[in-house]
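In Swiss-Prot this protein carries:
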- CYS30-CYS90: disulfide bond (DISULFID)
- CYS37-CYS84: disulfide bond (DISULFID)
- CYS38-CYS74: disulfide bond (DISULFID)
- CYS91-CYS104: disulfide bond (DISULFID)
- ASN108: N-linked glycosylation site (CARBOHYD)
- 1-19: signal peptide (SIGNAL)
Amino acid sequence: MYSQSMVLLAAAFASFVAASPMALHGANSCSTGPVHCCNSVEHHTQPHANSLARGSGLVGLDIETLVGNIGLDCSPIGLSSTDCTAQTVCCDDVTFDGKVAVGCTPVNLSVL
């Protein structure tokens, strides 16, 4: 019984790790694309996330339709650079010329 529980736990952990959008394809890329440096990363449910998006010039963006973390004012990190004075993230989608990144997960480049 104990060994079955351990096998189930290990399988669940492995599927969680495989589904995480962590950096997997080299020092500055994620499974979803390049690592980005975002000046601000907020969860979409934070009260000020909508005002941050509007302050970035994204008046037409409906924050309520987004899920997860939202990165604002993002730029991809170059192949040989790990310089980011803000938050490094892997994101599902980057739109509005880098103004908004959705589905973002923070990453630590020092451990990649």
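Just so you know, glycine gets a Cβ as well, placed from its N, Cα and C.
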Simplified to three states, DSSP reports the residue listed as 'N-linked glycosylation site' as coil
CYS84 (disulfide bond), Cβ-centred 10 Å count of other Cβ atoms over all protein chains shown, is 16
Rounding to whole Å, the Cα atoms of CYS37 (disulfide bond) and CYS74 (disulfide bond) are apart by 5
Closest by Cα to CYS90 (disulfide bond), out of the recorded positions CYS38, CYS74, CYS84, CYS104, ASN108, is CYS104
Quick note, CYS104 (disulfide bond) and CYS74 (disulfide bond): C-alpha atoms separated, nearest Å, by 11
